[in-house]
Amino acid sequence: TPQERETDDEKNWPIATENVLDLRYDSNHRAELLVDQLLFPAQDGQKSNPNVFVVGSTLQRLLKGAEDVGLFKEFQDGTMRGFTYANRESFKDFYGDGEGFLSDAECQYIIKHELDTLRAKNEEHVPGYPKVKLYPGKSVVRRLQSKGVLVQYFPLHNKEDLKRLSFSWYKKIKLSFQPLDDIRHYFGEGLALYFGFLEYFTFALVPMALIGIPYYLFDWEDYDKYVLFAVFNLVWSTVFLEVWKRCSATLAYGWGTLSRKKAFEEPRAGFHGALGFNPITGREEPVYPSSKRQLRIYLVSVPFVLLCLYLSFYVMMVYFDMENWAISIYNENPNFATGILLFVPSIIYAVVIEIMNLLYRYAAEFLTNWENHRLESSFQNHLVLKVLVFNFVNCFASLFYIAFVMQDMVLLRQSLATLLITSQILNQVMEAFLPYWLQRRRNKKVHKRMRRMMGDKELPLLEQVQLETEMNTYLGTFDDYLEQFLLFGYVSLFSCVYPLAAVLVVLNNITEVYSDAFKMCHVFKRPYSEPAANIGVWQLAFETMSIIAVVTNCALIGLSSQVKAYFPESETQMILIVVAIEHVLLAFKFILAFVIPDVPKHIQVKLAKLEFDSLEALKKRVSTHFYVWNKILIYCFAANCLLFFFFFYIILRLFH
């Protein structure tokens, strides 16, 4: 967090503690961060821990860092421009020395950027760790992380800001929009965009829920009257995603991330390889052949994923055997107990699905890390692909089998309802209640330990650091988006046979908002801010699901007895017509995606104006430089002429 110092010497204060690296990577460049060492009191004859540091920065250094990382802030004319320290007073909301101009999340992002870009000057050993070497040009922090020297580093919670955010976010039960700007100021754009998407998805489901309730009530036993609902489902899944792109662009522009240039990606902390030279930066860093990575992917990762898919299909067939067993018992002795037994196989299968998803997630992370991807973005893309393929098959394969092989709409409705409800209950328990209960237990242990260590002393910072060190680390929005992706699949693929699916997802997302907000504020460590202009690869994942939804709903329409009644003699003709309609709807979907701009018109105008102003400023700068150099050349020429005539005159006088 920003801290003010009294003297200039302290403003450039590096780490100077013995056996700790100085925060500089050459004699001309320092991170200029402020570092305090926290000393925990010794307990039971043990030494205190000397390796805990609180890192901060002066306000002036943060403002200069804002220019270094390319932050966009609102200008006086209302446009978003790249911040420059020289023109800081021309930006809106910049008053005095700039106190409050940068949000907490931006300050932490700048400090983390300074730490991540610290590079070793010479090849040397880390003090106190003779087996750990630093190499010229290599990131110090990433090297220390990969070797286990640096255990963890994270931003501390600001108790006052967190209290205000909690009150406006989840402590008041109210029907209103989420405080996305406050979330963005405290946690950053990446997390704010997730909650923006969660809110938008929930509101977008309301029309589906309002139509689904009467549809469900009046057509409960008539399973063939789902054609109109399937058509509405097709249109909704397309419009939903196209409108979200525009909402996302509006949010990102207001936060200054839409037009922000993507920073040069540094190698991941876990990336390893033989030392070589990066052809782009010219720095010495680990190099790993792409051919080896491809061999690992295609010879190990792909077969492993296929094996997991086979196991998923095998578990699905076991589920159907259990389902047949339960149905046979019910047919022999239909009563209340055997009626309840009909739902047991689906509940067990839903629990097994969640367990398999969890185990596969750990395996996918291990495999993707073993593939040794150089960039974090490449690592995330491969991990998302592995997880999405397995989760899609594991969660939806049984529903596809029931719908298109067994063609049993009654069982499809029952299975969909059971899977959806069970997965929602398990997710709430695993994501909110269980972590909160475990965190409370850890907090009590930390409080007791700190009281024994400090006695009657009041050292709130020490206690806060100790408490937050014991908190779980937030691993990003991956699991949150994955959950919404699966819920979107349940709604868009088969909700025409179970219209209450949208209602259940709306209720789930309302509770999800409060549970996710609570766990971000009280269960997890505060994550570092990550600038984001959109939801990234998840946009492509949702669009792929919507395309599959078109095919699925068209196939369900073709299976309905209403449509079959029009083709009593020729089933082939019916199939051809359904396929033709499906192609027309897909074409309509792509045309609609092309016609609806991803960025609203008024934002396009502002972006074009900013680009035009930048080009004009560049031309003016070039022309000014050209004019100055022309004047300099003219003056030099005139001076040379005068000197020539002066010396010529002197020579003539001498000869005369």
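Each residue, glycine too, has its Cβ placed from N, Cα and C.
Among the features that TrEMBL reports, domain 'Anoctamin transmembrane' is placed at 183-609. For 191-214, 226-244, 297-320, 340-362, 383-404, 485-507, 547-567, 574-596, 632-652, the entry in TrEMBL reads transmembrane segment.
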*Would you confirm whether the transmembrane segment (297-320) and the transmembrane segment (485-507) meet the contact rule of 3 or more C-beta pairs below 8 angstroms, pairs 6 or more apart in sequence?*
no
*Look over the recorded stretches 191-214, 226-244, 340-362, 383-404, 547-567 and say which has the most C-beta pairs under 8 A to the transmembrane segment (485-507).*
191-214
*Do any residues of this chain, six or more beyond the ends of the transmembrane segment (340-362), have a C-beta under 8 angstroms from a C-beta of it, and if so which?*
308, 311-312, 315-316, 319, 322-323, 325-327, 329-330, 387, 390-391, 394-395, 398, 414-415, 418-419, 422-423, 426-427, 430
*Distant-in-sequence neighbours of the transmembrane segment (547-567), which means Cβ under 8 A and at least six residues beyond its ends*: 224-227, 230-231, 233-234, 237, 400, 403-404, 407, 489, 492-494, 496-497, 573-575, 577-579, 581-582, 585-586, 589
*For the transmembrane segment (383-404), find every same-chain residue at least 6 residues outside the stretch whose CB is under 8 Å from a CB in it, and list them.*
301, 305, 308-309, 312-313, 316, 319-320, 349, 353, 356-357, 360-361, 364-365, 367-368, 411-412, 415-416, 419, 423, 478, 482, 485-486, 489, 493-494, 497, 537-538, 541, 552, 555-556, 559
